[in-house]
Amino acid sequence: MTTKTRFAPSPTGFLHVGGARTALYSWLQARANNGEFVLRIEDTDIERSTQAACDAILEGMNWLGLTWDEGPYYQTKRFDRYNEIIAQMLEQGTAYKCYCSRERIDALREAQAANGEAQKYDGCCRDLPARDTDEPFVVRFKNPIGGSVVFDDHVRGRIEFSNDALDDLIIARTDGVPTYNFCVVVDDWDMGITCVVRGEDHINNTPRQINILKALGAPIPEYAHVSMILGDDGAKLSKRHGAVSVMQYRDDGYLPEALLNYLVRLGWSHGDQEVFSLEEMKQLFKLDDINKAPSAFNTEKLVWLNQHYIKTLDPEYVASHLQWHMDDQKIDTSNGPALSAVVTALAERAKTLKELAASSRYFYEDFAEFDAEQAKKHLRGVALEPLQLVQQKLAALTEWTVEAIHQAIEATATELEVGMGKVGMPLRVAVTGAGQSPGLDITLFLIGKARSEQRISKAIEFVADRINS
């Protein structure tokens, strides 16, 4: 039997990291078993579902590279199918119409609460004969009485629920709209889902859904309920812990590989290995290896992984993601070095692509003024001669190569009988406007000969004005 999994988000908000981890685990379960992965949009909550949220979910999945084999399916486009099954269940007696008013249901719950009883429907309409009436009604599933529902969860082991603790679930509201728990069952059945991976908040839905599947004569999928993600303070992860939307991590400068690697380790492990490529995840992933204890989100670990991938992935690939940040920061990369070369030069220093973009601006744009602190420290009178001499030597170069630039800087220090720092620091401030950059030879090479000479001239003029003031 082909393994078939699904990710079924509700489009009432953005794709958050908890949902992304669930999607990843479900995707990996399919890929690890040469199966299929289905994307389903559970939009039956019509009032809260939005197209913007749906678009954001698809954008997040695409950015992460979690491609789907079927879908996206939309529940709101399957109402005819749900109504067909409801009519069939009413005919077979596995569902019934309930005419109880809201007032009666509220009074029942109040009485049960006052008596310390579990709040559940009492089956008032369960065995009533059919009515020919225009009274509003809901449709309820006729849950089995007695016995229990038992299933083996890949994460939590054997779980058992007493049927007597379950009431007769509403499967269609008074307006005819089918409910979440019912739609999920029909979808999983129709789509041939063999394994359901979802959050632990769905555990209580599982016995209800299993009973409906049994009533329909449908196969029961396997289940894996993963634990929640906590903040580093032990509380449930929320906006106050930082970014929770997947695309916010994109905006903050994280690579999808880093986020995927981090998310897979929030509950799953393979020995003490920390770094996993997507291919390695597909080869090694097993649902049974997921820890049932909650995982704490640690931004420092995510940053570490991001640095690792910025440094180790193909610079051309990193540059393709960096371009978004260059555009976002309005840095025109058409007039300057290849972005992949900048990635190679700056990768060791960058924690995020957002930082990398900001620190690469001087390769593409001239700066209006020097950093005040660095200029005060390094563009002083003693810097005039080193700047003038190194400018002459750089101007005389017939080939603008990293090696030739390095030799020109060294020759300047040798000729002036000073340490490299006496030449290098004023030169660095001159061409970058600041005090930090990669090696000066590669920095000058990437900036280009003409632009480097112009900036050195500007620095010489700055120092001269300072001497004369």
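Glycine residues also receive a Cβ, built from the backbone N, Cα and C atoms like all the rest.
Annotation source Swiss-Prot lists Zn(2+) binding site at Cys98, Cys100, Cys125, Asp127. Taken from Swiss-Prot, the feature ATP binding site covers Lys239, and the record attributes it to sequence analysis. Taken from Swiss-Prot, the feature motif ''HIGH' region' covers 9-19, and the record attributes it to sequence analysis. Marked as motif ''KMSKS' region' by Swiss-Prot: 236-240.
For the binding-site residues Cys98, Cys100, Cys125, counting C-beta atoms within 10 A of each C-beta gives the highest total at Cys98. Listed in sequence order, the residues Tyr96, Lys97, Tyr99, Gly123, Cys124, Arg126, Leu128, Arg140, Asp168 complete the 8 Å Cβ shell around the Zn(2+) site centroid, once Cys98, Cys100, Cys125, Asp127 themselves are left out. Under DSSP, the residues of the motif ''HIGH' region' (9-19) split into helix, strand and coil as follows: 3 helix, 1 strand, 7 coil. Within the model, the motif ''KMSKS' region' (236-240) carries an average pLDDT of 73. For Asp127 (Zn(2+) binding site), the same-chain residues lying six or more positions away in sequence with a CB closer than 8 A to its CB are Tyr96.
Secondary structure from DSSP puts Asp127 (Zn(2+) binding site) in coil. DSSP gives Cys100 (Zn(2+) binding site) a coil state; it is part of no helix or strand.
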